[in-house]
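What follows is a short report on a single structure.
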Amino acid sequence: MPVRLPMFERIVSIITPVILIILVGWLYGRKAHPDMAGINRATLDVIAPLLVVSAFVSKDFVLADQLVLLGCAVAVVLGSGVLAWGLARWMKVDPRTFVPPMMFNNCGNMGLPLSVFAFGPAGLAPAVALFAASNLMHFTIGMKIVNRHASLAQIARNPMVLATVAGVALALARPWFTLPDPVYQSVKLLGDATVPLMLFALGVRMKDVSLRNWGMGLVGAAVCPLTGIAVALGLAHWVPLTELQRGLLFVFAALPPAVLNFLVADHFRQEPDQVASIVLLGNIAAVAFVPVGLYLGLR
């Protein structure tokens, strides 16, 4: 069925704060020229991992119910990566710069609210599962792509990987143990700072982006959702999915590049300016591509 106007308005209402926070960061960056290295490191090492833990220990999350959908999400991420790798070679750009933003999408601050709006409260728990799976792959497979010298020991010690393991353990232990509410609220409060901090840091970096980077940004803005949707179409045809799972899969596949891609690229000095342009333009282009995913998922 066609995407309804209220849904389009909801998409715009989600994307607009993203762009505005980036704009604030850009304006501040031009005026103050801040050193964001410490904040970015704290976001990756402490704040973002707490967001993952808080998502897993949420009462709406039941791991066993999401296994088929999680398998499809893994296929979308890996399939998008294979397609993007071939395209990067054809365009003669560094795959370590181009491929991760095509694989790892904005399934947190954009995917979670979109899923709830489109599918109601039932969409939250599986959307959390997709978010967690994407983050785990980002800090294992994605980390190895960006930093080819990363060892398995380094990856295993990564705070995001440790947070995912801890979150899964807490989710499985819920019948016997739950975090005390003051502890959970503290974890959630700090974890919720992840998204605005990442967006602000992206805006600060945008002051250094030159016009020559916009070409790759435009290509990436289209390639990320199109490769995801292409893989999802095949999965929806062959894998038995419930109506809800099918809808969530297409929403996940159509999302733009995650802001986290920029922080990882900046941390490893893997052309962060290029990645910043891909992330920014991709999130703007979501106004066009996310409705396609919603249409395919809701028809």
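Any Cβ shown, glycine's included, is placed from N, Cα and C.
Heads up, TrEMBL stuff is auto-annotated, nobody curated it.
According to TrEMBL, the feature transmembrane segment maps to 12-29, 67-91, 111-134, 155-177, 216-238, 244-263, 275-298.
Using the rule of three or more Cβ pairs under 8 Å, pairs at least 6 apart in sequence, the transmembrane segment (67-91) is in contact with the transmembrane segment (111-134). Where the transmembrane segment (111-134) meets the stretches 12-29, 216-238, 244-263, 275-298, the count of C-beta pairs under 8 angstroms peaks at 244-263.
Each of 12-29, 216-238, 244-263 was scored by its Cβ pairs under 8 Å to the transmembrane segment (275-298), and the highest score goes to 244-263.
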